[in-house]
Amino acid sequence: MKKKQFQAESKRLLDMMINSIYTQKEIFLRELISNSSDAIDKIYYKALTDDNLVFDKDSYFIKVTADKENRTLVIRDTGIGMTKEDLESHLGIIAKSGSLAFKKENEAKDGHNIIGQFGVGFYSAFMVADVITVISKALDGEGAYKWESTGADGYTIEPYEKDAVGTEIILKIKENTEDESFDEFLDEYRLKAIIKKYSDFIRYPIKMDISGKRLKEDSDNEFEDYKEEQAVNSMVPIWRKNKSELTPEDYEKFYNEKHYGYDKPLKHIHVSADGAVVYQAILYIPESIPFDYYSKEYEKGLELYANGVLIMNKCADLIPDYFSFVKGMVDSESLSLNISREMLQHDRQLKLIAKNITSKIKSQLQSLLKDEREKYEQFYKSFGRQLKFGIYSDYGTHKDVLQDLVMFYSSKEKKLVTLDEYVTNMPEDQKYIYYASGESNERIEKLPQTELVSEKGYEILYFTDDIDEFAIKTIMKYKDKEFKSVSSGDLGIEADEAQDNTDSDKNNNQELFEHMTSLLSDKVTKVRASKRLRSHPVCFSTDGDVTIEMEKILNAMPNNPNVKADKVLEINVHHAVFESLKDAFEKDKDKLNLYTALLYNQALLIEGLPLQDPVEFTNDICKIMV
Ligand code: ADP
Ligand code: MG
């Protein structure tokens, strides 16, 4: 028999196809099954207008059979089949899509949607097969034909015996080489997994036949056998179902089946969008934090389907970094795929979907916060840090989306509060949103710097996460209120004249403070009388923007930028210790040296900063003990 040549361009294309278009060999199965599904869909469409044709959904199926001994893999369908001409033009000319032509003639109706469009998917089978044989009988054709090809050198076509309408694709799976094994494509479990992965939502049942048990072609009872078998695929995508039909358990099951997580999702969001871009999505907010979440290894992304067929496992462009904890999938009919159907050609639709999804997630989180506070706090414990990072990153571009979702522990409420709650509860005379930074709530609670603010009855937000101060520095103002550290030089609180004569004291003690400043000149910018201290003798405050907490964090970074806070040593002039200082200043300068060093080191300890010389510190204490 004379071999027909592929058209010249086709040869080169075929080579490209086999060697470069696809990143993974396994997708050949997705392509062949998609073709089978399209072929059945075509009968379905025909039946819509042809009264002689009844589409009985149960009689249509796709069957995958692996035969390890003979190294063949067969994909069979009961679809519309191909005539001799179809075989010649659709399989003989690469990049010719019979399905695209069909789709143009028949506008998509009621959710049925032909998948094929590029006319190349079929050839991906040459990635795993040396020989491809196609036996097909068309619904409106005469007789069956066998098409066969070993790749770039062309194909043969000849009449064949086949009674039932449909197509059978027989792949002679390649022999293993030194670097590559093809055995996996003959392994039932592996094949099942590939089908589940890419073709789970093909509308027609995909059945598997165990090795060697290939059914005889065209036997009349054959269909009865199939009916007994369970389909490998789930067929109806849960996201196409009506929300009212689905229970929370259904969503949970889907979450676990898809391995989005092993926990229970805290919340699901089911979207069915019909606007500028049509898509369905099921999104999840996980309950617990994935073990690698805050590491470089963690990859964000949603599964992306086009018409129910998996295109991408983790499409990162669908969700912003600050919502990277969200799991789930998106299915859309309006994506323009690239030829390998592994990527998209334009990201316009994708951007629209991503924007849409982002606002859906935000409003869902907001309603969780409003209506299910406990759940929200649970979520926030896991992912709050990511939200705060989101505020800080990209120069604060996303702060408007996120600032109402963050919470901090409150000195008054003794629980997490939002910025909105904080501002709502502010007394009228309070100018700033106060915060204190430290290692833990317990430690912050005891910070001397909080004394004045607490005494005024103002609430203080506790910042225990290293990102906290950076995040609020990015927000700058919330509802017109600026943030202020309780350690900052100017607290913006008018001192009560009744209990404060610090200013006059300061003048009286000017010389003492100057002397102490000179003793500590390499360590602090200034020593001064404190307005904020009540019961404690000493603390640090900072002038300028960099707080001590920020200094600690910045200096712990790998590329240590060597930022220094302008530390001020504040002394409580109403504390008994101050009398000793004054006394020593007048009578005994050595003692003043000792006291100054001790007070400075105490301030360091309160701040959780390391002592430069702990031995000297203990010696100093011994000196005052004896
Ligand atoms: P596409 O699916 O993008 O059109 P393919 O290379 O996968 O491209 O297939 C080329 C064409 O071959 C299809 O458009 C269809 O007309 C035909 N075809 C492939 N497989 C089958 C099948 N199982 N049944 C009927 N027609 C098929
Ligand atoms: Mg195809």
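Heads up, the Cβ atoms here are built off N, Cα and C, so glycines get one too.
Straight from TrEMBL, the features:
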REGION    1-341  region 'A'
BINDING   E31, N35, D77, M82, 96-98, 117-122, T167, R341  ATP binding site
REGION    553-626  region 'C'
Query raised in the report: Within 10 Å of the Cβ of F118 (ATP binding site), how many other Cβ atoms can be counted across all chains shown?
Result: 18
Report task. Please go through the binding-site residues K96, F118, F122 one by one and keep those whose C-beta falls under 6 A from any atom of ligand 1; give the result in sequence order. Result -> F118, F122
Query raised in the report: What kind of secondary structure is D77 (ATP binding site) part of, going by DSSP in three states?
Result: strand
Query raised in the report: So of K96, R341, which of the binding-site residues has the fewest other Cβ atoms within 10 Å around its own Cβ?
Result: K96
Query raised in the report: According to DSSP, how is the region 'C' (553-626) divided among helix, strand and coil residues?
Result: 46 helix, 6 strand, 22 coil
Query - Filtered binding-site residues, from D77, K96, F118, R341, whose Cβ is under 6 Å from an atom of ligand 2 - result: none
Query raised in the report: Near the Cβ of G98 (ATP binding site), how many other Cβ atoms are there if near means within 10 Å?
Result: 20
